[in-house]
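Here is the structure we will look at.
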Amino acid sequence: MADQLTEEQIAEFKEAFSLFDKDGDGTITTKELGTVMRSLGQNPTEAELQDMINEVNADGNGTIDFPEFLTMMARKMKDTDSEEEIREAFRVFDKDGNGYISAAELRHVMTNLGEKLTDEEVDEMIREADIDGDGQVNYEEFVQMMTAK
C-alpha cells in the first residue's frame, strides 16, 4: 500500500516519523505516540495507543518502525472520512477558535511538536497556505493545503 506514495510524501512522513521517534531508535513506542498525540491536544488512553500500534504492527514487536508507519499513513490517506480529521486538525492549530490560524498559533503548535521554527519559516508556511493574502489561514485554505496532492 505504501508503494502508492510519492517520494515527496515519503520524505514528509519520514520527518513526521522522526518527530514521534523521540529517542531516534527507529521505532515508535506507545509512550512516544502518546507524547505526540497529547502535544496535539488529544488525550488517548493507554489501551487506545496500544490499539493504534497493534493495528499497524506487522511484526508483532509492540512498536512501529518506518515501513509500518508508511503503511499506516497510506491507509489514513485512503480513508475518505478525513473531512472530520482535517476539521479536528484545524481546531488544534486555531487556539483561540476565531476561525483563523495566525503565525503565532502555527508557531505554538510546531514548538509543542518539538519543531523549532524561525519567524521566517513560520511566515513562509503561512504565505504558502494563505490564498486570499490576509496574513492568516482560514479553514478553506487549510483544507486546500491539507488535501493538495
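Glycine is treated like the rest: Cβ placed from N, Cα and C.
Annotation comment: Swiss-Prot describes A2 as N-acetylalanine.
Summarising the annotation, Swiss-Prot assigns domain 'EF-hand 1' to 8-43 and lists sequence analysis as the type of evidence. Here the domain 'EF-hand 1' (8-43) has Cβ contacts under 8 Å with residues 2, 49-50, 52-53, 62-66, 69-70, 73, 91-92, 109, 112-115 of the same chain, all six or more residues outside its ends.
Summarising the annotation, Swiss-Prot assigns Ca(2+) 1 binding site to D21, D23, D25, T27, E32. The 10 Å shell around the Cβ of T27 (Ca(2+) 1 binding site) contains 20 further Cβ atoms across the protein chains shown. In three-state terms derived from DSSP, T27 (Ca(2+) 1 binding site) belongs to an extended strand segment.
Among the features that Swiss-Prot reports, domain 'EF-hand 2' is placed at 44-79, with the record citing sequence analysis. Counting same-chain residues at least six beyond the ends of the domain 'EF-hand 2' (44-79), those with a Cβ under 8 angstroms from any Cβ of the stretch are 1-2, 4-5, 9-10, 13-14, 16-17, 20, 26-30, 33-34, 37-38, 85.
According to Swiss-Prot, the Ca(2+) 2 binding site annotation covers D59, N61, T63, E68, on the basis of a curator's inference. Less than 8 angstroms from the CB of N61 (Ca(2+) 2 binding site) sits no same-chain residue that is six or more residues away.
Among the features that Swiss-Prot reports, domain 'EF-hand 3' is placed at 81-116. Cβ atoms under 8 Å from those of the domain 'EF-hand 3' (81-116) belong to residues 19, 22, 36, 39-41, 122-123, 125-126, 135-139, 142-143, 146-147 of the same chain, restricted to positions at least 6 beyond its ends.
In the three-state DSSP classification, E105 (Ca(2+) 3 binding site) falls within a helix. In this view, E105 (Ca(2+) 3 binding site) is surrounded by 20 other Cβ atoms within 10 Å of its Cβ, with every protein chain counted. According to Swiss-Prot, the Ca(2+) 3 binding site annotation covers D94, D96, N98, Y100, E105.
Per Swiss-Prot, the feature N6,N6,N6-trimethyllysine maps to K116. Its Cβ placed at the centre, K116 (N6,N6,N6-trimethyllysine) has 9 other Cβ atoms within 10 Å. In this structure, K116 (N6,N6,N6-trimethyllysine) belongs to neither helix nor strand by DSSP; it is coil.
Marked as domain 'EF-hand 4' by Swiss-Prot: 117-149. Here the domain 'EF-hand 4' (117-149) has long-range neighbours at 86-87, 89-90, 93, 99-103, 106-107, 110-111, meaning same-chain residues at least 6 beyond its ends whose C-beta is under 8 angstroms from one of its own.
Marked as Ca(2+) 4 binding site by Swiss-Prot on the basis of sequence analysis: D130, D132, D134, Q136, E141. The C-beta environment of D134 (Ca(2+) 4 binding site), restricted to residues of the same chain at least 6 apart in sequence and closer than 8 Å, is empty.
Nearest in space to D96 (Ca(2+) 3 binding site), taking C-alpha to C-alpha distance over the binding-site residues D21, D132, E141, is E141. For the Ca(2+) 4 site, the Cβ centre of D130, D132, D134, Q136, E141 serves as reference, and the other residues of the chain with Cβ at most 8 Å from it are Y100, I126, A129, I131, G133, G135, V137, N138. Counted within 10 Å of its Cβ, the other Cβ atoms near D96 (Ca(2+) 3 binding site) come to 10, all protein chains included.
Of the candidate binding-site residues, D25, T27, N98, Y100, E141, the one lying closest to T63 (Ca(2+) 2 binding site) when CA atoms are compared is T27.
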